[in-house]
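In what follows, a structure is listed as structure tokens, so that the remarks can point back to it.
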Amino acid sequence: MDLEGVISSNNPIKRDSWKTVLTLAYQSLGVVYGDLSTSPLYVYKSTFAEDIKHSETNEEIYGVLSFVFWTLTLVPLVKYVFIVLRADDNGEGGTFALYSLLCRHARVNSLPNCQLADEELFEYKNDGSGEKNIGSTLKSTLEKHKVLQRVLLVLALIGTCMVIGDGVLTPAISVFSAVSGSELSMSREHHRYVEVPVACAILVFLFALQHYGTHRVGFLFAPVVITWLFCISAIGLYNIFHWNPHVYQALSPYYMYKFLKKTQRGGWMSLGGILLCITGSEAMFADLGHFSQLSIKIAFTFVVYPSLILAYMGQAAYLSQHHFEDSQYHIGFYVSVPEKLRWPVLVIAILAAVVGSQAIITGTFSIIKQCSALGCFPKVKIVHTSSKIHGQIYIPEINWTLMLLCLAVTIGFRDTKRMGNAAGLAVITVMLVTTCLMSLVIVLCWHKSVLLALCFIFFFGSIEALYFSASLIKFREGAWVPIALSFIFMIIMYVWHYGTLKKYEFDVQNKVSMNWLLSLGPGLGIVRVRGIGLIHTELVSGIPAIFSHFVTNLPAFHQVVVFLCIKSVPVPHVRPKERFLVGRVGPKEYRVYRCIARYGYRDVHKDDLEFERDLFCSIAELVRSERPECTARMENTEDEKMTVVGTSSSNLEGVRLCEDDAGTSQKEGSSSELVEVISPQKLRKRVRFLVPESPRMERETREELKELMEAREAGLAFIMGHSYVRAKRGSSFMKKVVINLGYDFLRRNSRGPTYALSIPHASTLEVGMVYEV
């Protein structure tokens with residue numbers, strides 16, 4: 001949505017546009033900023049946990065406040081709001097959006113079955129310049145060297161794995177820190193037996209609710225976060241004016257220098273706690289697809305940022321006048337809350353922590369869906385919990401895995417110090433990956449100078465590298481958790497991607513030549529029975545080996561054969577009018593077609609019945625438009641010509657499909673502009689194609705449409721390969737482990753094609769194939 005273009009027009013549209021922007025900004029508070037807004041619960045407590053002590057001179061507390069202020073200003077505000085948000089992939093954000101953007105501009109892709117036709121998609125913007133500059137040199141270097149392409153993919157996967165690790169750690173530390181506010185109202189001995197069980201109960205409740213989706217209670221998210229931000233900013237203002245009105249002086253960078261000079265190594269190690277003030281900043285970019293750039297900028301700049309600064313200043317003002325012997329127990333958020341307000345604030349904090357945790361859990365589901373679409377994660381069950389809200393999904397296997405890991409972290413650590421060390425490393429690693437990818441985007445996509453990219457990576461990379469080193473040094477005190485989780489998910493992703501790539505290469509090398517098909521003749525050398533044989537394949541050209549395997553061993557096949565390929569392309573969305581690529585395989589009388597359904601990595605797959613109707617309408621549209629005067633756009637592939645055909649809803653002037661009982665009137669659903677081609681057979685389900693009126697429809701075209709309808713009425717059989725992938729003889733030991741054990745285990749425990757799940761088992765036929773890769 002180009003809001004800036006809309007706003008610059010006339011006044012009525014301007015009012016409507018600003019209303020839309022402000023509405024999105026309001027909604028983004030509940031979805032995007034829940035995690036970031038709850039960081040005051042644990043930043044000071046984690047910072048003063050062990051490495052530094054709060055002294056009478058207040059140099060430590062002022063130094064920490066100065067670090068928090070400048071970190072919040074430079075990273076979320078300057079880096080993300082003013083720079084990174086501009087690097088959207090057709091409105092989508094996140095690590096994989098940057099990777100997808102780079103793939104298209106540098107012709108680097110993790111998907112093996114890409115076609116030249118994909119580059120003509122509306123969202124496939126490849127505006128690379130042909131000028132000879134350092135940017136074009138970098139582009140050609142990436143295109144030539146496979147090692148650099150793998151490094152780029154591994155970098156994107158590291159960032160993705162750390163986001164998944166953050167999905168485990170953020171709910172644990174947010175909920176645990178919120179519940180820890182009860183420590184000031186009971187003895188420490190009693191609190192130890194209450195804190196962990198209550199936190200675990202809230203986490204179990206949170207993950208159990210994921211099945212129902214967030215759209216039913218999503219309207220409460222923004223009010224909860226707004227209430228929480230109002231509370232922390234109001235309490236901050238009260239503490240500033242009541243305890244230390246001069247605390248604003250600590251915002252000077254000079255106090256950072258004094259802090260490091262006095263604390264030295266302990267101050268450097270404490271940066272891992274200060275880092276937690278920017279947890280959730282990546283969500284501004286990752287959730288960009290649900291909102292707009294302007295709405296996210298407004299919400300952060302005018303609401304979230306001032307509230308967080310006031311909250312941290314208020315805590316520092318209170319602590320500057322209160323010095324405790326047991327700093328780890330008393331330095332925290334709740335100690336600065338007036339005693340009469342502690343219980344209400346505790347309730348609001350728990351609700352805000354749940355909202356923030358909900359956002360990161362939903363984000364984890366979303367990024368796993370993107371990884372799966374781009375061939376970097378096994379196929380999992382994806383449940384769309386809302387038919388109205390885009391992106392509301394639920395993945396059962398991932399949900400329960402996250403819950404178990406979350407409970408393990410909470411029960412195993414039982415304190416915010418080690419949880420903070422773990423969460424801090426996950427957060428800063430994602431930011432470092434974003435900085436590296438952004439430097440490439442500046443050169444390859446924005447066509448700016450390399451010097452500008454080097455300045456970007458040097459300035460922000462230096463800040464993040466400082467925090468990264470402080471987090472990594474805490475490896476034994478909790479930072480090992482995100483590394484271990486990322487290592488496990490990284491192995492899963494890379495093994496799946498490697499196995500999928502090798503399997504596709506085997507398919508390409510063993511596909512059957514067109515000469516073999518032509519040698520069989522129109523009858524394919526077998527009996528052609530009524531019906532449609534839908535053969536699922538990953539190939540976008542050529543005849544899959546599974547078809548020859550089937551025809552060679554069985555004496556009959558269907559009168560209409562369709563090679564169906566459902567593939568993802570490296571864009572967020574594919575417009576419905578560009579959904580299908582349809583073409584013939586072999587001569588017209590063979591009745592063999594290929595249909596390629598293209599989806600973006602953010603697209604929602606349609607209802608199976610609707611998809612089936614669109615599939616056959618696209619084939620019928622190909623048959624109808626195959627005339628000399630046809631103006632449909634054609635794309636040359638290896639041995640076929642493919643036509644771009646949209647879905648039924650997007651192609652109102654094309655062929656439409658009507659299905660009803662045999663007793664229904666034949667004229668139902670027809671109009672003066674449509675002529676019906678009706679199947680002569682009297683079956684219990686009658687199929688009709690509604691074809692745009694044409695005075696010169698060829699007889700062969702009409703006969704072919706009737707044959708398609710007869711086949712559709714007779715029924716559909718779905719043929720899919722049941723593959724057994726094995727490493728070929730002579731392969732290295734590592735390859736045998738990866739393919740024979742790793743990939744085989746993932747393949748057996750992953751889901752098959754989504755479309756095949758709704759087809760009755762009686763209509764499904766699996767053909768066993770052994771792949772030696």
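Note that Cβ sites are derived from N, Cα and C of the backbone, with glycine treated the same way.
Pulled from TrEMBL, these are the features on record:
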DOMAIN    24-518  domain 'K+ potassium transporter integral membrane'
DOMAIN    531-772  domain 'K+ potassium transporter C-terminal'
TRANSMEM  61-82  transmembrane segment
TRANSMEM  151-173  transmembrane segment
TRANSMEM  193-212  transmembrane segment
TRANSMEM  219-241  transmembrane segment
TRANSMEM  266-286  transmembrane segment
TRANSMEM  298-318  transmembrane segment
TRANSMEM  343-368  transmembrane segment
TRANSMEM  389-411  transmembrane segment
TRANSMEM  423-444  transmembrane segment
TRANSMEM  451-473  transmembrane segment
TRANSMEM  479-496  transmembrane segment
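The average pLDDT for the domain 'K+ potassium transporter C-terminal' (531-772) in the predicted structure is 73. The transmembrane segment (151-173) makes no contact with the transmembrane segment (451-473): fewer than 3 of their CB pairs lie within 8 A, with pairs spaced 6 or more apart in sequence. Most Cβ pairs under 8 A with the transmembrane segment (266-286) among the ranges 193-212, 219-241, 298-318, 389-411, 423-444 are made by 423-444. Counted as Cβ pairs under 8 Å, contacts with the transmembrane segment (423-444) are highest for 479-496 among 61-82, 343-368, 389-411, 479-496. The listed stretches are 61-82, 193-212, 219-241, 343-368; of these, 219-241 has the most Cβ pairs under 8 Å to the transmembrane segment (298-318). Through the fold, the transmembrane segment (61-82) approaches residues 36, 43-44, 47-48, 54, 247, 249-256, 258-260, 262-263, 267, 270-271, 274-275, 277-278, 281-282, 284-285, 296-297, 300-301, 305, 308-309, 312-313, 316, 319-320, 431, 435, 460, 463-464, 467 of its own chain, all at least 6 residues removed from its boundaries and within a Cβ separation under 8 Å. Counting Cβ pairs under 8 Å that are 6 or more residues apart, the transmembrane segment (193-212) and the transmembrane segment (343-368) reach 3 or more and are in contact.
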